[in-house]
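J.: Heads up, here are the entries from Swiss-Prot:
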type	residues	note
REGION	1-22	region 'Disordered'
COMPBIAS	7-19	compositional bias 'Basic residues'
MOD_RES	Lys10	N6-succinyllysine
MOD_RES	Lys10	N6-lactoyllysine
MOD_RES	Lys10	N6-(2-hydroxyisobutyryl)lysine
CROSSLNK	Lys14	ubiquitin cross-link
CROSSLNK	Lys16	ubiquitin cross-link
MOD_RES	Lys37	N6-(beta-hydroxybutyryl)lysine
MOD_RES	Lys37	N6-(2-hydroxyisobutyryl)lysine
MOD_RES	Lys96	N6-(2-hydroxyisobutyryl)lysine
MOD_RES	Lys96	N6-succinyllysine
MOD_RES	Lys96	N6-glutaryllysine
MOD_RES	Lys119	N6-(2-hydroxyisobutyryl)lysine
MOD_RES	Lys119	N6-glutaryllysine
MOD_RES	Lys119	N6-crotonyllysine
CROSSLNK	Lys120	ubiquitin cross-link
MOD_RES	Lys126	N6-crotonyllysine
Amino acid sequence: MSGRGKQGGKARAKAKSRSSRAGLQFPVGRVHRLLRKGNYAERVGAGAPVYLAAVLEYLTAEILELAGNAARDNKKTRIIPRHLQLAIRNDEELNKLLGRVTIAQGGVLPNIQAVLLPKKTESHHKAKGK
């Protein structure tokens, strides 16, 4: 017989995405496509999109974690751009990474210069009282 037909052949395994193989939520296939189409290099290795997707996922998780904490501190259950701004600007490393980034509707960090604050005069009151 000519080896055709289904009798004896192995069943094809269920397709498994590269994201699930790498244990990631971010799409490795899409990142690979964007790297190829973006004219960053003539060729793109198999590990590059996995690594880049992992880095993007980590940064996103880090920012969302801090933004969720900022939302909880403000007694809110929904993250808004203000919470993202507070999360990024209060974290030294993220602030350095995203220093030139403007977040729409993010506002600014509350900051009052020390010289503008009212002076403490308690020591003078005690001295005059004696």
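Along the chain as shown, residues are numbered 1 onward.
Backbone N, Cα and C define each Cβ position, glycine as well.
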J.: Can you give me the Cα-Cα distance between Lys120 (ubiquitin cross-link) and Lys16 (ubiquitin cross-link) in Å, rounded to a whole number?
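T.: Their Cα atoms are separated by 67 Å.
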J.: Going by C-alpha positions, which of the modified residues (Lys37, Lys96, Lys119) is nearest Lys16 (ubiquitin cross-link)?
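T.: For Lys16 (ubiquitin cross-link), the spatially nearest of the modified residues is Lys37.
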J.: Spatially, which candidate from the modified residues Lys37, Lys96, Lys119 is nearest to Lys14 (ubiquitin cross-link), comparing Cα atoms?
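T.: Sorting the modified residues by distance from Lys14 (ubiquitin cross-link), the top entry is Lys37.
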J.: Tell me, how many other CB atoms lie within 10 A of the CB of Lys120 (ubiquitin cross-link), whichever protein chain they belong to?
T.: 7
J.: For the recorded sites Lys14, Lys16, which Cβ has the most other Cβ atoms within 10 Å, all shown protein chains included?
T.: Lys16
J.: Consider the modified residues Lys10, Lys37, Lys119 and say which one has the Cα lying nearest the Cα of Lys96 (N6-(2-hydroxyisobutyryl)lysine).
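T.: Out of the listed candidates, the nearest Cα belongs to Lys37.
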J.: How many other Cβ atoms sit within 10 Å of the Cβ of Lys10 (N6-succinyllysine)?
T.: 5
J.: Mind giving me a neighbour count for Lys37 (N6-(beta-hydroxybutyryl)lysine)? Other Cβ atoms within 10 Å of its Cβ, every protein chain shown.
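T.: For Lys37 (N6-(beta-hydroxybutyryl)lysine), the count of other Cβ atoms within 10 Å is 9.
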J.: How many Å lie between the Cα of Lys119 (N6-(2-hydroxyisobutyryl)lysine) and the Cα of Lys10 (N6-succinyllysine)?
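T.: So the alpha carbons of Lys119 (N6-(2-hydroxyisobutyryl)lysine) and Lys10 (N6-succinyllysine) sit roughly 83 Å from each other.
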